[in-house]
Structures are given as structure tokens and as C-alpha cells.
Amino acid sequence: MEIFYYVVFGGLAAVVAGLELGKSGKDRVATPTAFNAFKNNYVLVYSLMMSGDWLQGPYVYYLYSQYGFDKGDIGRLFIAGFGSSMLFGTIVGSLADRQGRKRACITYCITYILSCITKHSPQYRVLLLGRILGGVATSLLFSAFESWLVAEHNKRGYDPQWLSITFSKAIFLGNGLIAIIAGLFANLLADNLGFGPVAPFDAAACFLAIGMAIIMSSWSENYGDQSEGKDLMSQFKVAAKAIASDEKIALLGAIQSLFEGSMYTFVFLWTPALSPNDEDIPHGFIFATFMLSSMLGSSIASRLLARKMKVEGYMQIVFAVSAFTLFLPVATSLLVPTSSVKGSGISFGGSLQLLGFCTFESCVGIFWPSIMKMRSQYIPEEARSTIMNFFRIPLNLFVCVVLYNVNAFPITVMFGMCSIFLFMAAILQRRLMVVADLHKLSTKSQEMTAEDEPLNP
């Protein structure tokens with residue numbers, strides 16, 4: 001493997017270690033023991049849940065190909081997963097608000113374990129069922145856990161500012177360190193120990209079962225709106241009304257869909273972007289480098305949030321930088337000569353793109369705790385899970401369209417489209433900051449008027 005990869009990985013590792021070890025008093029918030037125990041419990045559960053997800057990632061496509069399915073068959077399986085998340089996401093989100101977020105988190109574990117079990121079958125229909133179950137589980141993973149945390153945090157009377165501490169730590173570990181370890185562990189089970197590509201899915205099921213046991217034994221239940229007569233359709237109407245009547249919520253949903261849609265598209269495109277002529281690149285090592293970059297981003301986010309930096313302000317810069325990094329493949333294709341040698345090492349243009357992609361992954365690391373912070377501020381508690389899954393409808397629809405047409409457009413066109421979407425997200429983020437500031441000024445003015453009224457005859 002070329003020295004370039006080690007230099008990039010080592011440089012990122014040194015920066016992450018320096019940021020974490022060099023935190024000053026301004027970067028740390030003193031919190032009581034009770035909150036620390038609550039935070040650590042959630043971070044442990046979240047890390048186990050994410051390990052169950054990350055263990056599967058490296059070998060899903062490979063397992064399907066080993067069963068003899070071609071690219072088209074595999075593409076349809078992936079579309080089934082995202083389509084399932086789109087169709088059933090709002091339903092399971094609404095049920096989480098009404099029937100309980102703890103129950104929804106347990107349902108996630110059961111559904112994903114069943115999805116892992118289906119991987120033992122080479123039958124296409126069984127694998128299709130597994131993708132549908134996985135889509136439902138994904139909707140719960142990205143809504144029920146966060147909804148439970150926010151509600152439980154507020155119910156226990158903790159400072160709202162402390163939520164950002166839990167978010168940052170969960171993302172730093174669950175979407176960074178755990179992802180790296182899970183990738184290496186999956187490789188150990190499947191290749192080094194010779195257990196085959198199904199082994200990582202069995203390991204994922206074990207981690208999910210452990211996390212479910214912790215949830216069942218240590219979490220209390222909380223709910224959204226449980227008003228009498230509120231059926232599933234009523235929940236949908238409440239969520240739709242909240243999005244339509246509050247510009248802040250609508251903007252937040254659009255921003256999330258634009259960024260995550262670009263992010264998932266990047267997941268499919270980074271391999272052909274770095275090896276357009278079948279260059280020999282270490283996919284696993286590059287994946288680990290991306291996850292290390294994400295850790296760097298979450299470490300930066302924790303500092304920004306600890307210093308009470310305005311999320312709506314710095315996220316404009318993050319989206320603008322993201323737009324630039326995903327425009328790099330377009331720029332390099334126009335400005336940097338491409339290599340005509342098949343199977344050689346990574347080209348100069350590929351090296352530039354790799355550095356840009358690492359920067360993008362750092363932006364992803366900043367995005368997650370920051371969007372969680374904004375969601376906790378703007379989304380109403382009574383329909384939190386439902387609204388969050390409403391946001392995922394355009395996201396999943398976009399990813400399904402991209403998957404279906406992945407061979408129809410040049411890769412530069414796809415990256416250019418993502419860059420435009422991210423630039424749009426930066427503009428909408430600017431609008432969100434303006435609207436939020438106007439809302440705060442209006443609220444303060446109303447409070448001052450209310451205080452002055454008793455003094456007037």
C-alpha cells in the first residue's frame with residue numbers, strides 16, 4: 001500500500017488526538033454525576049446499535065454477489081431497503097411517538113436482528129424481506145433513539161445545553177471509533193478467521209441483542225402526544241401541520257434532506273471516483289480514513305457546542321465547504337490529466353479527491369451533532385419521531401432515484417448535482433438563522449410587553 005494513505009491516516013489521527021487531549025476548560029462543561037451516568041448509558045447503547053449497523057456495511061454487496069446476483073439484482077435489493085424506509089418510516093415514527101420510544105428502540109433491535117438472520121439464505125425473496133426489515137430498522141435508528149434521549153433529558157430536568165454533550169460524544173464514538181473498529185472486526189471474522197461474509201451479520205445480531213438487554217433493564221418509557229382519539233392519521237396531520245405552519249421546521253427538513261441525500265450518494269460514488277481506471281486502492285483502509293475524518297469533525301463540533309457557538313451560523317460554512325469538496329471530482333476531471341494505465345496506483349487527481357473527500361467526511365462529523373441540536377430546539381415534542389421521519393421521505397426517494405439511474409449519468413454530473421444541493425443547503429441554513437433570530441426577537445418583545453402591561457392603568 002502506498003505511503004500516501006499512511007500519511008493521510010496518520011496526519012488525521014494526530015490531529016484528532018491533539019484536539020481531544022488539548023481540550024481546555026472552555027471546551028469542557030462541568031456536569032453532575034447523575035447526568036454523566038445518564039449520558040454514558042445512552043452513549044453505550046447508541047454505540048452498540050451503531051456497531052450492529054456498521055458491522056454489516058462492508059459485506060452487504062459482497063455477500064449478495066457471492067450468492068450469484070448481478071449488479072442489477074443487488075441494486076434492486078438496495079432500492080427495496082431505501083423504499084421500505086421511505087414508505088414505512090413515517091408509520092413507525094408515529095407509532096414511536098404514540099406507543100413509546102423505548103418500545104420503538106426495542107423494535108429496532110428485533111427488526112434488525114431478523115434482517116441479519118435472513119442473510120443466511122441465498123433465496124432472493126428472503127434477502128428482499130431482509131432489506132425491507134432493514135429499511136424499517138433504519139427509520140427507527142435515526143428517529144426513535146434521538147426522540148427518547150431528548151424527551152428523557154427534559155423529563156429529568158437537565159440543562160438543555162447539555163444535550164449537545166451527549167450528541168457529540170455519541171457521534172464521536174458511534175459514527176467514528178465504532179465504525180473503524182467494526183470494519184476491522186468484520187474483516188477479521190470474514191477473511192482472517194475464515195468464517196465467511198455472513199459472520200459479520202451474526203456478530204451484528206449479538207451486539208444488537210446486548211444493546212436491547214440494556215434498554216429493557218435501564219431505560220424508562222416516554223411518549224409524544226397520547227391524546228384520546230389521536231389515531232395514526234391524526235398524528236400525520238399534526239406533523240404535517242407543524243411543518244407547514246413553522247418555517248423553521250420546514251427549512252430544517254429541507255436542509256437535512258439535501259445534505260443526507262448528497263451524503264448517501266457520495267457513499268455509492270467515492271469508489272469509482274478514486275479508481276476510474278481500475279486503480280488499485282485499499283478500500284477498507286480508505287473507509288477507516290473516512291471514519292477517522294468523521295471523528296475529527298465530531299471533535300470540532302463538541303468544541304463549538306461547548307463554547308455555545310451559534311449552530312445556525314457555523315453550519316453555513318460547513319455546507320459551503322461540503323459543496324466545494326464534492327465539486328472536486330468535476331474540477332479534477334477538467335483540469336488534471338487522467339491516467340491511462342489500468343490497475344496502477346492512485347492518480348494525482350485521485351489523491352486530490354481523497355483529501356477533499358476526507359474534508360467532506362469531517363463536515364459529516366460536524367453535521368450530525370449540530371443537526372441533532374437544531375432538531376431538539378425546533379421540533380415539537382408531541383410528534384418528534386413522526387416529523388423526523390417525514391424529513392426522510394424526500395431523502396429516501398432521492399437515493400432510490402440515484403440508485404436506479406446510477407449508470408445513466410457520468411459520475412461528474414452526479415457529483416456536480418450533489419455540490420449544487422449542498423450549496424442550496426448553505427443558502428437555506430442562512431435563511432433558517434434569519435428566521436430563528438426574528439422569532440427570538442418577537443418572543444422577547446412579547447415577553448417585555450406582557451411584563452409592562454400590569455404597570456399600565
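Start at 1 and count along the chain as shown; that gives each residue its number.
From the backbone N, Cα and C atoms, a Cβ is placed for every residue, glycine too.
Automated prediction, rather than curation, is the source of TrEMBL annotations.
The transmembrane segment annotation in TrEMBL covers 6-22 (among others).
Among the features that TrEMBL reports, transmembrane segment is placed at 43-62 (among others).
The transmembrane segment annotation in TrEMBL covers 74-96 (among others).
For the transmembrane segment (128-150), the residues of the chain that approach it from at least six positions outside its boundaries are 42, 45-46, 49, 53, 77-78, 80-86, 88-89, 92-93, 96-97, 101-102, 104-105, 107-108, 111-112, 114-119, 163, 166, 219, 222, 224, 372, 375-376, 381, 384-385, 388-389, 392, judged by C-beta separation under 8 angstroms. Taken from TrEMBL, the feature transmembrane segment covers 128-150 (among others).
Taken from TrEMBL, the feature transmembrane segment applies to 170-189 (among others). For the transmembrane segment (170-189), the list of distant contacts is 42-43, 46-47, 49-51, 54-59, 195, 199-200, 203, 284, 287-288, 291-292, 294-295, 298-299, 301-302, 365, 368-369, 372: same-chain residues at least six beyond its ends, Cβ to Cβ under 8 Å.
Sequence annotations record features per position, and here TrEMBL assigns transmembrane segment to 201-219 (among others). Remote same-chain residues near the transmembrane segment (201-219) are listed as 41, 44-45, 48-49, 51-53, 55-56, 59, 63, 102, 105-106, 109-110, 112-113, 116-117, 119, 148, 152, 185-186, 189 (criterion: CB distance under 8 Å, separation of at least six residues from the stretch ends).
The transmembrane segment annotation in TrEMBL covers 284-305 (among others).
The transmembrane segment feature in TrEMBL is assigned to 317-336 (among others).
What TrEMBL lists as transmembrane segment is 348-368 (among others).
The transmembrane segment annotation in TrEMBL covers 389-405 (among others).
In this chain, the transmembrane segment (284-305) touches the transmembrane segment (6-22); three or more CB pairs sit within less than 8 A of each other, excluding pairs fewer than 6 residues apart. Against the transmembrane segment (74-96), the recorded stretches 43-62, 284-305, 317-336, 389-405 differ in Cβ pairs under 8 Å, and the greatest number is found for 389-405. Panel annotation: around the transmembrane segment (348-368), residues 4, 8, 12, 167, 171-172, 175-176, 259, 263, 266, 270, 273-276, 279, 281, 286, 289-291, 293-301, 304, 314-315, 318-319, 321-322, 324-326, 328-329, 332-333, 336-338 of the same chain, lying at least six beyond its termini, place a Cβ under 8 Å from a Cβ of the stretch. Proximity of distant same-chain residues to the transmembrane segment (389-405), defined by a Cβ-Cβ separation under 8 Å and at least 6 residues beyond the stretch ends, is recorded for 75, 78-79, 82-83, 85-86, 89-90, 92-94, 139, 142-143, 239-240, 243, 252-253, 256-257, 260-261, 264-265, 268, 414.
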